[in-house]
Amino acid sequence: MSTAERTAVTATRTRGLRRILRPRARLWLGTLAAALILFVVAPAALSGYQFGLLAQFLCYAMVAVGIGLAWGQGGMLTLGQGLFFGIGGYAMAMHLQLDDAGPGGVPAFMSLYGSGTVPAWWEPFRDPWITIGTIILLPAALAALLGYAIFARRVRGAYFAILSQALVAAFAILLIGQQASTGGSTGLSNFRGFFGYSLADPLNQRLLFFLAAGTLIGMVLLVRLLMRSRYGELLVATRDQEMRVRFLGYNPALVKTVAFVVSSVFAAVGGALFVPIAGIISPSDVAVVPSIMFVAGVAIGGRATLLGPVLGSLALSWVGAQLQDNYPSVWSYFQGALFVLVLGFLPQGFATLGGVLRRRKGDSR
Amino acid sequence: MTTTRPLALEVTGLRVEFDGFVAVRDVDLTVPAGELRFLIGPNGAGKTTVIDALTGLVRGTGTARFDGHELLGRPVHRLVRAGIGRTFQTASVFEGHTVLQNLDIAAGLHRRPTTLLRRRRGVPEEVLRALDTVGLDDLADRPAGELAHGQKQWLEIGMLLVQDARLLLLDEPVAGMSGEERAATGELLRRISRDRTVVVVEHDMEFLRNYADTVTVMHRGSILAEGGVDEVQSDPRVIEVYLGAPLDAPTATATARATGRETR
């Protein structure tokens, strides 16, 4: 039996399963399986190093889940999610730096590069609640403002993609230029604690992983809810026939902005959790290249499906890390080839493989 | 949904200009309530442009009032909320959604925004009624992309009914339809125009003769003639415009011959 045949058989089997299991049962089983893998299997099977890596990938996957909603469901190809990932990440990093420095203290890098005083706009981040509020509300407000302004002017497709990428490029340049207050190209690192918990303690690292895993599962469930709601139907309708939606009395700019805001908040939360897990945030984590990588995982996984983005992102990150460790010189070629192959043969991503094979089989009959 | 009092569309001095080219000029158009009005004219006469201007797709000057609302210069979605609905030359339904979902989205206009966050449970009353009116009951759960050409146009009309449009502007609804589908569409238009104001842009003379209450003829951006079907068909100016026009050459020639005999 060839691999293709075997996959086809599996596809038929899953289809059978799908017919038997009602949506609600599938939801519970799926959630349970994901929780089991992330909360039980992963900590037991992975080494400390791999476990830490997976924790980072979970944060990337949060961005991917958001892109799946904005791009897969809403048709907004955003190449600039690094902007929101960065806002969340830097807000968290600033709080951790100030927290490490103690009340009234000055982060070490500021004395090194700057005047040795904390800039006024840093001060609010001493407060943990203001920090958490900023991580969620600032990207939401920015995405709402930018999104509505862009979508109301009917900028879409490649133009929106270019615009979003230009924004993230400008953001990275801004960060690099402000070395005294953002750490410049080295970014912010060497965090010791996370809301009072020591980051060096392996138990706390594990808890951080669980926090990321739980958040990611929550995000996927929220997207599922949105996809199945009337709003989800409307969003897909807007993606496919924006003009028609307008002639049904809706404001498509508003419909799209909502999805863009949700996806931006997901990216920001991913960025915020990435900081204590990875121990660093720098312009190279938020610039153009990582922003494209977020999208690549979504494209390979299957942008218009529920699980495609999250699984695609996790798989791409994992394979990337393995190859980068073992064959650092070929990784980028492999990545390019994978991208071309998948999008050439499965334009809707791996998640549609089953459907494509089923159709093939149907045709040959 | 209540059966709303049908209202008249009143357009005066409508003018549409594209970069100095005047596509529509001095158009006065009054369509009384409950009337099935056909808007005809050779290619490039400005028929679709009139509809585009009335639905906010292109900028027009002058006045256009319906139900006490000024139509010109307002964003599309507000016009729709004021009861204006239109279709396009090419059916533009949501192909990936089922017939039911298409109609449900159209019905969303009259729901509170919070209902968007919930799942669709059951079928709204007005959706059932529209399914029945346009005759797509049996296809409710089919993806709209699988519908035949004519069925897509009916679905579009159904969507207008569900959104409770009281002024319907239909752009060539029977183009590309079979004879049977045309007849069905004509009957459908008759039925829905009883308590609504309906304007149909059309090329098909046969269809027009069978179903139009009144006809407005456009030529080079302005109105050439208006009246009952027979009245317009015997108008010498209309005959002149249509002579040699590829779409309806035989009919126009035939009419010309007929009227020519009369004048002799």
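Just so you know, glycine gets a Cβ as well, placed from its N, Cα and C.
Per TrEMBL, transmembrane segment is recorded for A:27-46 (among others).
Per TrEMBL, transmembrane segment is recorded for A:52-72 (among others).
Residues or ranges marked as transmembrane segment by TrEMBL: A:79-98 (among others).
Non-local neighbours of the transmembrane segment (A:129-151) in the same chain are 84, 87-88, 91-92, 94-95, 160, 163, 167, 252-254, 256-257, 260-261, 263-265, 267-269, 271-272; each lies 6+ residues outside the stretch with a CB under 8 Å from one of its CB atoms. Marked as transmembrane segment by TrEMBL: A:129-151 (among others).
The transmembrane segment annotation in TrEMBL covers A:158-177 (among others).
Sequence-distant contacts of the transmembrane segment (A:207-226) (same chain, at least 6 residues past either end, Cβ-Cβ under 8 Å): 27, 31, 34-35, 38-39, 42-43, 51-52, 54-55, 58-59, 61-62, 65-66, 68-69, 73, 194, 197, 199, 232, 235, 259, 262, 266, 269, 273, 276-277, 306-307, 310. The feature transmembrane segment is assigned by TrEMBL to A:207-226 (among others).
Annotation comment: TrEMBL describes A:247-267 (among others) as transmembrane segment.
Under the heading transmembrane segment, TrEMBL lists A:273-297 (among others). For the transmembrane segment (A:273-297), the list of distant contacts is 52, 55-56, 58-64, 67, 71, 77-83, 85-86, 89-90, 92-93, 96, 165, 168-169, 171-172, 175-176, 183-191, 194, 199, 205, 208-209, 211-212, 215, 267, 309, 312-317, 335, 339: same-chain residues at least six beyond its ends, Cβ to Cβ under 8 Å.
Residues or ranges marked as transmembrane segment in TrEMBL: A:304-321 (among others).
Annotation comment: TrEMBL describes A:333-357 (among others) as transmembrane segment.
Ranking A:52-72, A:247-267, A:304-321 by CB pairs under 8 A with the transmembrane segment (A:333-357) puts A:304-321 at the top. Packing against the transmembrane segment (A:27-46) from elsewhere in the chain are residues 21, 54, 58, 206, 209-210, 213, 216-217, 220-221, 224: each is 6 or more residues past its ends and has a CB under 8 Å from a CB in it.
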